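**Student:** Found this in TrEMBL, in case it helps:
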REPEAT    74-104  repeat 'PPR'
REPEAT    105-139  repeat 'PPR'
REPEAT    271-305  repeat 'PPR'
REPEAT    372-406  repeat 'PPR'
REPEAT    504-538  repeat 'PPR'
Amino acid sequence: MIVNGCDLHYYARVLQSCNAYNLIDQGKQLHLMFLKKGILNSAVTLGNRLLQMYMKCGAMDDAAKLFDEMPQRNCFSWNTMIEGYMKSGKKDRSLELFDFMPHKNDFSWNVVISGCAKMNDLDSARMLFNQMPSKDGVARTSIIHGYVRHGYPREALRMFKGSNFDPDGAWRRDAFVLATVIGACTDLKAPECGKQIHARIVIDEVELDSVLGSSLVNLYSKCGDLDNASHVLSLMKEADDFSLSALITGYANAGRMNDARRIFNSVAKTCVVVWNSLISGYVTNNEGTEALLLFNIMRINDLKPDYSSFASVLNACSSVGALGHGKQLHTHAFKVGVSKDAVVACALINMYSKCRSSDDACKFFSEIELYDTVLLNSMINVYSNCGRIQEAKQIFDSTLHKTLISWNSMLAGFCQNGCPLLTLDLFYEMNMLEIKMDNFTLASVISSCASVSSLEFGEQVFAKATVAGLDTDLIVCTSLIDFYCKCGFVYLGKKIFDGMVKLDEASWNSMLTGYATNGYGMEALRLFDEMRHAGVQLSDITFTVVLSACSHRGLIEEARKWFHLMQSEYHIEPGYEHYSCMVDLLARAGCLEEAMSLIAQMPFNADATMWSSILRGCVAHGHNSLGKEIAELIIDIDPENSSAYVQLSGMFASSGDWKGSIHVREAMKYKCIEKTPGISWIEISVSLQHYELFSLGHSVTRKLSTAGSFFQSVENQMAIERCLSTPFRIHHSAFIRKPVCGLVMLRKNQVPLKKTVALHIRSSSRDQVFEDHSNGIVCYVDNSGEIVCEGFDEGPRIVQQYPSAPYSLRQIWLQILDGETANGSNSVEEHPCNGLNALH
C-alpha cells in the first residue's frame, strides 16, 4: 500500500526489525520522516508499530507522546500502551489507561490481570477477573501462577478446583497450568493432592513433557515418595536436568546416597546442576570427603563450577576441617569472579570460622563492599565463636534489616560467651518489639537463665514457649533439662526428659550431664546403659559426660573400662576432654603416677587446666614435693594462673617453709596477680544483679572487719530496692576451701505482700558443692520476726531459728561464721557450707 509516495508495508517491516533489534535511534529517524510526510494521519498500522517499538525499547515517554498525538487509535494502540506501562512497573498508570479504554477485548483484560498478578497485587487481579465479561483460561492461569509465585499455594489450589467454566476440560489439560498447580502442592507438602492431579493427567492422557514431568518428580522427591518420583522419571521421553537434580536431592535428603549416585551415574553428566545436587547431598549426609572428590572429578571433566558448586564444596571443607583446601577454593572462586557472591561469601566465612581461622574470616569480610543480612548474620556468628562479642554486637547494631536469625545469632553469641544478663536484656528488647520467636530463641534464653540459676525467670520463658506451642519442641525441652539440672532440680529435668515424645543424642547427653554434674554418678551410668540399649549413636560428648560422672563418684574401674571401650568398640579417639576427665579422676584418687603416665601418652600437650588437676591431687594427698614441681610448671605455662600461686604458697607453708610461702605471695603482688573473686547472682522479682564475694581468712579479727564493711557496702547497694514481692536468689560460683560470705539486707517493712521471703543459694559449680556436701544456707524472716536458716545437702532443711529481738544482725552473723547458734549448739558445723549467708 502506497501513501504519499511511501510503501507502508515496507516501512512496517523496517519498524519490525527496529523493534526486534532494539534499534531505537533508527526508529526515531523513521518517526521523524513519517511526521514530515504526514503519513501517520492516515496510517494507524505504522503508528502502532512505532508504539510497539518504543514500548519494547523501554521509551515509554516517547510512546506516550506519540499515543497522545495519534489522530486514530484502535484496540492494538490502547493494548500496547497498557502493556508497556505494566512491563515498566507503572501499574497505576496502566490501570488508569485501561479504565479510559473505550472498547476492551480479551487481550486487554488479560494484560492487566497478568500484570497485577506478576506485581503481587493479587487482590486487584482477582477483582478484575471477577469483572471480566468472558473469563478465559489465560486470565485464570495468570492468577494461579501469581498465587504460587508469591507464596499463596492454597489460594492457587482453591481457584484451580473451583474452575468450572470450561465444560470440555481443555484448560485443565494445559501442561503449564497443571505444572503450576503441582508446584502449589509441592509448596504445601500435599502429596495426596498432587496424586489426584497426577491421576487426572493419566486419565486425560496428557503428554508428560519436561515441564510437567519435572514438576511431578519435584513433588514426589520433596514429599519423600521416591519410588513414584523414580517411576515418573522413567516415563518421561527425555529426563531434563531439573528432574534429575530433584530426584538426586530427594534421595540425598532421605540418606540414600547409593541410590543418588546410581541415578547420577546412569545419565550423561553435562550439566552443572546435576553435579551440584550430588555434591550438596554428600555435604548434607556428612560425607564431606566424597563431596571434595566429586568436585575434583567435575573440574577434570572441564565443567565450570558456578556459585552453587563453590558454596557446597566450601561447606564440605567446613565439615571436615579442610582449611588448606578451603583456601585453594577461595583463590579459585576469586579467579572466576564468584567470591563476592552473597552465597559464596557466606560459605567462605563459615568455612574459615568452623576451621578456626577467624582472622581469615574477618580479613575477607573487610574486603567485601556490599553486605546483605545473611552475610552480616554469618559475621555475628564468627565474632561470637572467637570471643569477640563486642564486635559481634557492633555488627548486629549496624544491621538495618534484622531477621529472626540476626536476633538468634546475637542471643546465642551472648549465651556462649558468658553474658547471660545481656542475653536477657536482648530477649526483653525482642519482647518490646513484638518479634516472633522460635525454638532457637527460647533455647538460648533458657540456657542463659541456667547460667545464673534464675529459676523463676527460666520458668517464665518456658511458659512463653508453651503459649507459642513450642513446649514439646526437641530443642526447647533439651535446653529445659539443662536449665533445671543447673539449678539443682535434677528431678524436674528428669520429668521433662521422661515426657519427651522424641529423644535425640543432645537430649540424652543433657540428662547425663545433669546427673553427672549434680553428683548422681550411678544414675548417670544407669541412664547411659539405657541410652546404649535404645540404639542411640554415641558420640565423643557422650563419653566425656560418662567419664565426668565416674570422676565425680570416684569410679576408677568404670572410667578405665569406658575409656578403653570408646576406642576399641566405638572407634572414637579420645580428645582433650576425655583425657582431662581421666587425669582428674586419677588425681583425685591419688593415682598420680598413672595420671602422669596418661598425660605422657596424650597426642597433644597438657595445658594449665589439666596440670591443675594433678596439683589438686598432690595437695589432697600430701605429695608436696611433686606438687611444688607441678605448680611451678603451671606458672611457666600460664603466668596469670592465681590458683597455682595460692596452692604453691600453701604447700610451702604446710611444710614449714615460710620464706618460700612469703616469696610466692610477694611474687603475686609484684606481678599484680589476684585471686579471681566469686560472683553472686541476686534475683529480685525479674531483676538480676551480681556482687563479687570476698574470701575470709582464718583470723576472727579479719572476719569481724570484713563482715562489718561488707554489711555497710551491701546495705548501701541495696538501699534503692523497695517493695520486694517475690523470692530472690543469690548464686555462688566456685570458691575453693575458704568460706565465702554474701549478704542481702531485707527489712520486714519492705515485704508487705509476703509472709516470708526466702534467700535461695545455688552454686554454679556443682563439682565443689558435692565435694563439700553442701552449697549454702537459706535464711528468711517470717512474720513473727524469726530468722530461719536452711541448709542444702540432699534437700532443704531447717538448721536453726534465730529470734531476732534479743540478737543483733552482727551477733547472728558472727555466730554463723563461728559455727555457733544462739543456744550454743553447733548445727552449722554439722552441715558445712562454702557460702554462709544471713538475711535481715
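Yeah, the Cβs are placed from backbone N, Cα and C, and that goes for glycine too.
Heads up, TrEMBL stuff is auto-annotated, nobody curated it.
The shown structure was predicted, so the numbers you read here are calculated from the model rather than taken from an experiment.
Have a look at these and tell me how they're positioned relative to everything else.
**Tutor:** Looking just at the repeat 'PPR' (74-104), the mean pLDDT is 91.
In the repeat 'PPR' (271-305), helix, strand and coil residues by DSSP number 26 helix, 0 strand, 9 coil.
Same-chain residues lying 6 or more positions outside the repeat 'PPR' (372-406) and placing a CB less than 8 Å from one of its CB atoms are 342, 345-346, 349-350, 352-353, 358, 361-362, 365, 412-414, 416-417, 419, 435-438, 441.
Sequence-remote contacts of a segment are chain residues at least 6 beyond its ends whose Cβ falls under 8 Å from one of its Cβ atoms, and for the repeat 'PPR' (504-538) they are 474, 477-479, 481-482, 484-486, 488, 490, 493-494, 497, 545-546, 548-550, 552-553, 555, 558, 566, 570, 572, 766-767, 769-770.
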**Student:** Below 8 angstroms Cβ to Cβ, which residues of this chain, lying six or more residues outside the repeat 'PPR' (105-139), approach it?
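**Tutor:** For the repeat 'PPR' (105-139), the nonlocal Cβ contacts are 75, 78-79, 82-83, 86-87, 89, 91, 94-95, 98, 145-147, 149-150, 152, 155, 165-166, 170-171, 174, 177.
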**Student:** Is the repeat 'PPR' (271-305) packed against any residues at least 6 beyond its ends, judged by a Cβ distance under 8 Å, and which are they?
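**Tutor:** Sequence-remote neighbours of the repeat 'PPR' (271-305) are 241-242, 244-246, 248-249, 251-253, 255, 257, 260-261, 264, 312-313, 315-320, 322, 325, 336.
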